[in-house]
């Protein structure tokens with residue numbers, strides 16, 4: 001730990017990383033406060049900040065020679081096989097670490113790698129290469145399985161803990177596995193933080209973008225007060241301000257052979273309303289809709305739009321155009337609606353639900369990986385980040401209010417490299433609720449723009465389903481036809 005006065009140059013360097021956002025750190029009294037220029041307090045400057053050689057410092061940091069926390073179960077023959085681009089990442093990491101050791105800098109590196117790159121297997125290779133006892137920290141238990149699979153493949157002795165940290169600490173008194181896989185809430189326990197700081201050298205923070213380290217979180221406190229000897233941040237969408245805690249970044253562009261297409265399924269809807277919809281419309285401009293909760297609630301009961309989504313999915317799936325489908329909603333009730341309707345059409349052998357409230361969901365996800373055809377309905381919260389079903393070939397985005405980081409993570413679910421190259425995303429920019437029509441159009445356009453400009457998708461027009469349900473979806477041509485019929489009938493009375 002390094003308590004330093006906030007001199008101008010130090011403040012400017014830290015502030016530059018936050019991209020204009022507020023800068024918050026722990027002060028000498030242990031309070032987590034916003035740092036003001038010219039402050040007289042001393043502040044705890046994160047160890048990882050000095051991992052970048054561009055940051056000037058006279059501080060000297062510990063090296064691996066001061067610890068003896070080495071892996072005992074390592075077997076070089078079990079090292080995972082990597083693709084050439086993954087080997088390039090390993091080479092970059094090793095080269096950077098040699099420079100850091102020479103300059104006596106902290107061994108902290110952010111691996112900024114695209115969704116589908118294979119961050120887990122690449123990091124397991126690095127872990128085996130370092131041969132140091134490791135803690136893998138994930139934001140939620142949904143990500144445990146993919147780490148468990150890769151760690152077992154490398155043949156490392158490991159322990160998984162997702163429930164009580166107190167029981168884990170008791171077990172650690174008699175055994176000290178080479179690899180600990182834990183959920184981040186374990187870091188709220190100071191005794192556990194002290195233990196891993198002493199007995200483990202490498203700390204891997206998976207999905208590091210899910211943590212805002214400008215907030216006083218368990219991860220923030222751990223990195224500030226119990227900084228590990230070595231640290232990797234793993235992310236496809238780095239949060240700029242988090243660089244203060246891990247200031248060296250490796251980003252290798254991924255060249256892909258995938259054919260990625262995004263369709264905007266565009267239809268004209270007659271205005272649709274119910275008592276429930278009218279009630280929710282009144283709340284759109286109030287404080288209760290600050291995070292667009294009611295905007296998404298309106299989409300969940302927008303029957304014409306829901307029917308269009310179902311019709312599109314059913315026809316594409318029946319035709320064999322798509323085979324392994326992920327359907328994403330924002331709200332749980334919206335997820336359940338689609339699940340029940342699809343279940344009636346295709347049955348439980350094809351349709352599955354990714355429900356965060358069901359403890360058996362991780363086992364179900366594991367079982368469907370081997371299926372040739374399935375429809376997996378889930379929420380953005382559960383499946384938007386880290387869902388490990390590499391065979392997914394299509395994505396239906398039923399919600400609209402999604403930030404850029406979530407969009408990139410979500411689209412990454414269908415960008416994993418497999419033998420099959422076609423990937424398709426469907427978005428629905430229209431709504432029958434006229435009060436949110438332009439808002440939804442703008443949000444969906446943001447999804448399209450990011451997918452095309454940043455992720456290599458190609459936008460194509462989609463017109464097959466313009467007349468998918470005459471009772472709920474009205475195209476421009478069918479509407480015009482009805483008007484002409486009315487005129488004709490009135491003239492012939």
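Cβ atoms are placed via backbone N, Cα and C, with glycine included.
Within the set 198-201, 202-205, 206-209, 210-213, the record from Swiss-Prot flags 206-209 under the feature motif 'DESH box'. Beyond the motif 'DESH box' (206-209), the same-chain residues lying 6 or more positions past its ends with a Cβ under 8 Å from any Cβ of the stretch are 110, 119-120, 136-139, 143, 147, 233-239, 242, 246, 385-386, 405, 409. What surrounds the ATP site, by Cβ distance within 8 Å of the Cβ centroid and not counting 113, 114, 115, 116, 117, 118, 119, 120, is the set 122, 236, 254, 412 from the same chain. Within 10 Å of the C-beta of residue 113 (ATP binding site) we count 22 further C-beta atoms, all protein chains included.
Long-range Cβ neighbours of residue 117 (ATP binding site) (same chain, at least 6 residues apart, Cβ-Cβ under 8 Å): 85, 86, 236, 254. Across the motif 'DESH box' (206-209), the DSSP tally of helix, strand and coil residues reads 2 helix, 0 strand, 2 coil. Residue 118 (ATP binding site) counts 22 other C-beta atoms within 10 Å of its own C-beta, drawing on all protein chains shown.
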